[in-house]
Structure formats: C-alpha cells, structure tokens
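*Asks:* Submitted below is the structure of interest, expressed as structure tokens.
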Amino acid sequence: SCPIFPLFVAQLIGVAGTNYSNESQTIIFSVTLITFCTGVPLNGIVIWLLGFQIKRNPFTVLILNLAISDFGFLIFAALYSMGNFIAAQSFRNLAIFYLFDATYINGLFHLTVISIDRCVAVLFPMWYHYSRPKHLSLVVCALLWIFSFLLVGIGSNIQNLVFEDVPWDFDLTVTAVLCLPLSTTSTLILFIKICLKSQQVKRGNLLVTILITLLCFLILTLPLYIYLFSILFHGTNDTSHNFQSFLYFILCACLNSSVNPVIYFLVGRKKQAQSRESIKAIFQRAFQEDEVPETR
C-alpha cells in the first residue's frame with residue numbers, strides 16, 4: 001500500500017547526504033533491510049503456496065495478489081532506500097520510486113477489496129457462495145493493478161499541472177479517501193460478526209485471519225495518515241521534518257507489508273499439534289472459510 005509525497009521527491013534527492021538526515025537515513029535503511037530480508041521470503045512463500053500448491057478460490061486470488069504487491073513493494077523500498085543511502089540519484093532511482101509508490105497503493109487497494117469481500121460474504125452468504133460471478137476476483141485484481149499505475153502516473157501529472165501550489169498530495173488523498181473509511185467500516189463489521197457468531201455454526205479461521213490483518217493495517221497506517229495529512233494541509237516547509245515523516249512512513253509501510261504472512265501462519269497452526277505440520281496445511285487452515293449455508 002506509496003502515496004508518499006511526489007512533491008517531496010526533489011527534496012528527498014536534495015537532502016540525501018546532508019548532515020541532519022544521515023542518522024535517519026542509516027536507521028531507515030537498516031530497518032528496511034531487516035524487513036526486506038524477512039518480508040520478501042515470507043511473501044514469496046505465500047505466493048508459491050497460493051500460486052502453485054494450494055487450490056485457488058476467488059478469495060485466495062485476492063490474497064495472492066496482495067502478497068505480490070507486498071513482495072514488489074518491499075523490493076522497491078529496499079532499492080529506493082539503498083539508492084538514497086549511497087546518494088546514487090538518477091532517473092533510475094526516480095523510476096524505482098514510482099514502482100515503489102504503485103505497489104504500495106495496489107496493496108492498500110487489495111486490502112480494502114479483501115475487507116469488502118469478507119463483509120459481503122458474512123452479510124449476504126447465499127449470494128456470495130452461489131450467485132457471485134466466477135471470475136469476479138480476477139477481474140477486480142486486474143483493474144486494481146491498472147488503476148494503481150494510472151493513479152501514480154496520471155495523478156502526479158495532475159498535481160504538477162493543476163494543483164502545483166496546493167500543499168497536499170494527490171495520491172495520498174485519493175487512497176486515503178477511498179481506502180481508510182471502507183477498511184475501517186469493514187473491520188468493525190467483521191469484529192461484530194465474530195463476536196456475535198453462533199457457536200452452532202462451524203467456524204473457519206478465515207474471518208479471524210482477515211480481521212487481524214485489517215487491524216494491523218489500521219494500527220500501522222491510520223495514525224500515520226492522520227499525522228501526514230496534518231503536515232500536508234499545514235503546508236510546512238521544514239524539509240528536515242518532511243523527510244523525517246517520509247522515513248516513518250516507509251518504516252510503517254514495510255512492517256505492514258511483512259506482517260501478513262506471519263498472521264497467516266499464527267492463525268493457521270494448531271496450538272496443540274503433536275507433530276510438525278507442513279506449511280501448506282497451516283496456510284490451508286488459515287484460509288478455511290466458515291460453514292457454507294445450504295440452499296433450500
């Protein structure tokens with residue numbers, strides 16, 4: 001999920017290597033490297049399992065695309081951070097920034113769609129299981145990828161041409177307005193649904209998996225978005241302060257992109273398993289849906 005200030009790109013390029021940012025750059029580079037070393041392999045495992053080992057269903061298609069987004073974002077975040085750290089500023093580094101931006105936005109969109117998908121499944125189970133278009137998930141994922149790259153490319157040009165003097169970020173605003181209210185509402189609905197769920201219905205792990213994923217997303221994203229909006233709307237010109245905010249944004253984004261596979265593993269494993277389970281069995285259990293309602 002980056003709407004990370006295209007208006008700050010020139011500032012970021014200019015501040016790389018200056019005294020006040022050296023310490024912060026070193027810290028964020030180190031954290032990014034750690035999350036890269038853990039998050040990329042973990043998301044790679046998810047991609048391998050859902051792409052080639054576990055039979056896909058409409059919902060796991062969304063999870064697979066989320067893992068691809070997180071995988072790409074972590075790689076581009078590491079490359080971009082290394083480029084700034086070694087002061088290797090070039091058109092190539094700017095291109096990496098936009099790929100980094102687009103994959104983050106795509107991750108946010110997929111998380112939002114996943115939350116909506118689960119809400120539809122619990123509120124309208126009969127329609128979801130028996131009338132939902134078969135290839136809807138594939139179509140939605142394709143549209144999200146296209147829209148993410150268009151938003152980054154066209155959005156930055158719109159801001160430069162139309163909103164040049166306005167102290168807010170076009171990508172940041174669009175993703176925040178579209179994603180945060182929907183994700184927050186969906187998380188609340190899922191939380192209530194889990195609390196009120198009848199004990200007579202066989203419960204799968206999927207709702208718990210998605211609820212924890214959404215809660216982690218909101219914890220790592222919502223406070224930072226509020227903070228960044230306060231900076232953007234106040235139009236601060238403190239380059240050091242803006243750059244520091246950028247570093248915190250990268251930190252939270254990398255953590256958010258790395259935590260999902262850990263959640264899948266913890267929810268899917270049996271707490272009192274006597275023997276070692278395969279990672280495939282654990283992930284299959286993590287994405288086990290609730291009992292499908294019967295048609296009359």
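Including glycine, each Cβ sits where the backbone N, Cα and C put it.
What TrEMBL records for this protein is below:
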| type | residues | note |
| --- | --- | --- |
| TRANSMEM | 27-50 | transmembrane segment |
| DOMAIN | 42-264 | domain 'G-protein coupled receptors family 1 profile' |
| TRANSMEM | 62-83 | transmembrane segment |
| TRANSMEM | 103-124 | transmembrane segment |
| TRANSMEM | 136-154 | transmembrane segment |
| TRANSMEM | 174-194 | transmembrane segment |
| TRANSMEM | 206-226 | transmembrane segment |
| TRANSMEM | 246-267 | transmembrane segment |
*Asks:* Find the member of 27-50, 103-124, 206-226 that has more C-beta pairs under 8 Å to the transmembrane segment (174-194) than any other listed stretch.
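*Replies:* Per the Cβ count, the answer is 103-124.
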*Asks:* So are the transmembrane segment (206-226) and the transmembrane segment (246-267) touching or not, going by 3+ C-beta pairs under 8 A with a sequence gap of 6 or more?
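*Replies:* Yes, since the transmembrane segment (206-226) and the transmembrane segment (246-267) share at least 3 Cβ pairs closer than 8 Å, they count as touching.
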*Asks:* Counting Cβ pairs under 8 Å that are 6 or more apart in sequence, does the total for the transmembrane segment (27-50) and the transmembrane segment (246-267) reach three or more?
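*Replies:* Contact confirmed: at least 3 Cβ pairs fall under 8 Å.
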*Asks:* For the domain 'G-protein coupled receptors family 1 profile' (42-264), what is the mean per-residue pLDDT, to the nearest integer?
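*Replies:* Averaged over the domain 'G-protein coupled receptors family 1 profile' (42-264), per-residue pLDDT gives 80.
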